[in-house]
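Q: Quick one: the structure is below, questions incoming.
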Amino acid sequence: MEDSLFSVDKAGPGKDASAASADCNHMVAEDGIITEQHKEIPLVALKVPDGHAPIDECELLNSDDQLPKGSQNQTNICMRIRAFACPPQGCFSLAITNVTMVILIWAVVWSITGPECLPGGNLFGILALLFSAALGGKLISLIKIPSLPPLPPLLGMLLAGFLIRNIPVITDQVQIHHKWSAALRNIALAIILVRAGLGLDPKALRKLKAVCLRLSFGPCVVESCTAAVVSHFIMGFPLTWGFMLGFVLGAVSPAVVVPSMLILQKEGFGVDKGIPTLLMAAGSFDDVLAITGFNTCLGMAFSSGSTLNTIVRGVLEVVVGIAAGLLFGFFLHYFPSKDQENLKGKRSYLILALSVFAVFGSLYFGFPGSGGLCTLVMAFLAGIGWSTDKTVVEDIIAVSWDIFQPLLFGLIGAEISVASLKPETVGLCTATLIIALIIRICISFLMVCFSGFSLKEKIFISLAWMPKATVQAAIGSVALDTARTLENKQFEDYGMDVLTVAFLGILVTAPIGALVIGLTGPKMLEKSESRTVTEEGSV
């Protein structure tokens, strides 16, 4: 029939449609079981109304573009309705699953610990902060600005902790004892130190060009000295505390720099001169120097006695940290042996456990500066011994970091109380931060002079060397935690000022640094002539 939407090709001469159907559905009884014999049926040609050409069924299945516009709209509406069908599908199902998992985590912990997991308890506060910080990081990462690198999720985590602390209704319910928060931050610090130690490439270390060496050490040292002098005169810090603050500020953040550099590298900007690789490689060594300097000053600041005793104490802590790191590193080099099962898992457990033990043990034995050095040296030596196998261990450590990162930045934000901050303190901390940043940018520019870079490239490198985040969050509160352990009120005030500067540094430089890199990179760096750029490994 011409009015029919479908027409069936005849099975053969003299057979009508009913006969073809009978042949197709012919039933045969065999051993009492009825089976159906199928004959090959000619393909069905689909005809559409309004004079449209027939649609091939393969194209109909594989492409929505072949459908008439009205059919596409109906399909989209059906897909949206299906998301709320029973049982739920898609995003609706994902939301229900995630909420259920969060509630179950709390319910399981509550069933074991009781009141500690109710509002006002430590475990309730930790879980609330963890989920809030993770949600804040997710929301920040959803902000997409075309042609710009994404905002670092750590910014949302930091702000989530800050809001929890400074909204009275929430603050009364989310309470975390300072000993619990200090312990969690120290665990996060141990994980960061392990990642930094494993991330050091001995081959790159041997082949470091002069410009990479200068960029790793020059800005960090000069900024630390600048912050020490400025804080000594305008904030009243002792020089040891000033240098401690300086080394907190002196580290650049791989969490901001590396993703931004990878985006530029993928698009071919600065690749011919190796600028993304230079910044990613120098970042690790810059962080190691800052952490080492901080731990040395930490030991000197909390030692009692004369200046000579303080210096000797600082040197002793460095020696003890390096010696313990060498011992643990050689142990991990040979144990577990390569013939054991689950080798990667055992290595990951041992290096994490030893690093946490080193950080907490150094505090217990009165050598607070030794734990960080021990962990760095141990992880570096273990990475050399494991060679290419260390990549799997790094992946496992990264999972631990994914858990503790929201806790770390959330706890740092939760330490800052607007009510307890004095305007003059914020002003002095901001002034110290700005002066140190200006000096760092200038020194970074000088460090890459006479290295074959153009003026625009030098300016870009100096600006890209500005962001602060991960290291500041990890070590910014260590001095405050140590002072609280010793119950020294004067040192607690110094420690809170150090933490405030670290908080402001993250809040200001992390988003601005990411935006500056994304905006200035395409304008100041030369684009590679080759359209295909091979991504080089990140640090």
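All residue numbers here begin at 1 and follow the chain in the order shown.
Placed from the backbone N, Cα and C atoms, the Cβ positions cover glycine too.
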Q: Where Swiss-Prot shows Gly283, Asp286, Asp287 binding Na(+), which of Val252, Val256, Val315 is named for the same site?
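A: The record-listed residue among the candidates is Val252.
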Q: Is it the case that Swiss-Prot assigns Pro88 and Gly452 to the same side of the membrane?
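A: Going by what Swiss-Prot records, Gly452 is on the same face of the membrane as Pro88.
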Q: With pairs closer than 6 in sequence left out, are the transmembrane segment (180-197) and the transmembrane segment (348-365) joined by 3 or more CB pairs under 8 Å?
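A: Stretch pair touches.
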Q: Could you give the number of helix, strand and coil residues in the topological domain 'Extracellular' (420-425) as assigned by DSSP?
A: 3 helix, 0 strand, 3 coil
Q: Excluding Val252, Gly283, Asp286, Asp287, which residues of the same chain place their Cβ within 8 Å of the centroid of the Cβ atoms of the recorded Na(+) site?
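A: What remains near the Cβ centre is Ser216, Cys220, Ala251, Ser253, Pro254, Val257, Ala282, Ser284, Phe285, Ala290, Val471.
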Q: Along the topological domain 'Extracellular' (482-494), what average pLDDT does this model show?
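A: The answer is 88, the mean pLDDT of the model over that range.
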Q: Including all protein chains shown, what's the count of other C-beta atoms within 10 A of the C-beta of Asp287 (Na(+) binding site)?
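A: So the number of other Cβ atoms within 10 Å of Asp287 (Na(+) binding site) is 28.
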Q: According to DSSP, does Asp286 (Na(+) binding site) sit in a helix, a strand, or coil?
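A: In the DSSP reduction, Asp286 (Na(+) binding site) maps to helix.
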Q: Do the transmembrane segment (470-481) and the transmembrane segment (122-141) come close, with at least three CB pairs under 8 A (pairs 6 or more apart in sequence)?
A: no
